[in-house]
Amino acid sequence: MAGQGSPLDEPLLAPGKDGGEDAVSMEAQHLLRRDKGASFSRSCLNLSNVISGVGVLSVPYALAQGGWLSLALFALVGAVCYYTGELVARCMRADGDAVRSYPDIGQLAFGRPGRKAIGAVMYAELYLVAISFLILEGDNLDKLLPGTSLGLPGGYLLRGKQLFTLAAAVVILPTTWLGDLSVLAYVSAAGLVASAALTASLVWAGVAERGFHARGGDVVFSLAGLPTSLSLYFVCFSGHGVFPTVYTSMRNKKDFTKVLLASSLLCSLNYALTAVLGYLIYGDDVKSLVTLNLPSGKVYTRVAILTTLVTPLAKYALVIQPITAGIEEKLSLAGQGGLPRAAISTAVLASTVVAACTVPFFGYLMSFIGSSLNVTVAVLFPCLSYLRIYVPRGGVRRAEVAAIVGILAVGVCVAVVGTCTSLHQIAGTF
């Protein structure tokens, strides 16, 4: 928990002790500097980049776990996350322009305890997402270049996923030293291209190699795999912590609902298509990363893996920047930049490398993130904040209150059951 003087205690838009902004405000300023006054089309692109991520690699596995009927739950999860995204926008409008970030919403709704709670959850989520990026890099590079090894002094041999995880960290490291990360926000747009390339590669694989009638691909419903399936579906629609940044960057903020709807539909279509294709082609054999199912040496496999590698490389620095900035604030190093920033970001990167090499279970980790942190940020917190802000003002109808309470009940069940299931799966691999 944050202690006395933590950046989570300070008002987000007020100057700190040294005249600097706190961690999340600094991140928002970096992302908004070049996107200020974004048009409708640009906002759609930005929000699609937020929603579309590494979750696309796991949706075939999620479908295999839950069966074909779980697609209905996928649609329900998408609808719920769209609605809670709209609740985030309403909370943003509750106090004029004073609310600019997720922790700001927490403070408006619940005071400083709310700011500290949502800040802690956000930092934990970002840290685990950073770890999943490194696991993704190691898995895909090992698939692309199997059997690669490197001899080190002392007779130690570095090979496989650990080697590529370290190699990816070396490539990422310089980007974490940057103070202005707005350029990386543009590079992350390549994630949409990567998603399209992955879908095209699956179509190619189905037509040229395996066909679309894999063994075990006819499971209608699996209750045992439902918690994992639901958790991974929530990963697909995560990103609510960045919604306020996109909202405040828009030229016409009244269009946010339309932007959210267009982006959600676009990403949902891509997710669903990838899930169906992956499950039809590989059936029960589909892996937690569908790219691991693609045959080695094929052109479409190399294209899919190379494009998939772009998103983690581009987004890693953006993901850990709030963590780095928070540590700087805690150590009273904010605004100094240079060596202190480089040392802190290097230490954070090193810790995620160790974690990625220790717990290399991408599917289970993403399931844990989805069931615990994503559900909290994308479902529980928007609903609770909206009720806390608007019910005392008399601005919420009884039917909507009942619907929100129902969503909260389902969200709590998914969070508890999914978290227990994913932790049990992770423990079972040791």
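Please read every residue number as a count from 1 along the shown chain.
Backbone N, Cα and C atoms are what each Cβ position is placed from, and that goes for glycine too.
Per TrEMBL, the feature domain 'Amino acid transporter transmembrane' maps to 37-420.
Residues 59, 62, 218-222, 226, 229-230, 233-234, 236-238, 240, 243, 260-261, 264, 268, 271-272, 275-276, 378-379, 382-383, 407, 410 of the same chain lie 6+ residues outside the transmembrane segment (68-85) yet bring a C-beta within less than 8 angstroms of a C-beta in it. The transmembrane segment annotation in TrEMBL covers 68-85 (among others).
The transmembrane segment annotation in TrEMBL covers 117-136 (among others).
Per TrEMBL, transmembrane segment is recorded for 156-176 (among others). A Cβ distance under 8 Å defines the sequence-distant neighbours of the transmembrane segment (156-176), meaning residues of its chain 6+ beyond its ends; these are 134-135, 137-139, 141-142, 145, 148-150, 184, 312-313, 316-317, 320-321, 324, 345-346, 348-350, 352-353, 356-357, 360.
TrEMBL lists 183-207 (among others) with the feature transmembrane segment.
Taken from TrEMBL, the feature transmembrane segment applies to 219-247 (among others).
Annotation comment: TrEMBL describes 259-282 (among others) as transmembrane segment.
Per TrEMBL, the feature transmembrane segment maps to 342-362 (among others).
The transmembrane segment annotation in TrEMBL covers 368-389 (among others).
The transmembrane segment feature in TrEMBL is assigned to 401-427 (among others).
Within the chain carrying the transmembrane segment (259-282), a Cβ under 8 angstroms from the stretch's Cβ atoms is held by residues 40, 43-44, 47-48, 50-52, 55-56, 59-64, 71, 74-75, 78, 81-82, 85-86, 89, 195-196, 198-199, 202-203, 205-206, 210-214, 217, 236-237, 243, 246, 250, 290, 293, all 6 or more beyond its ends.
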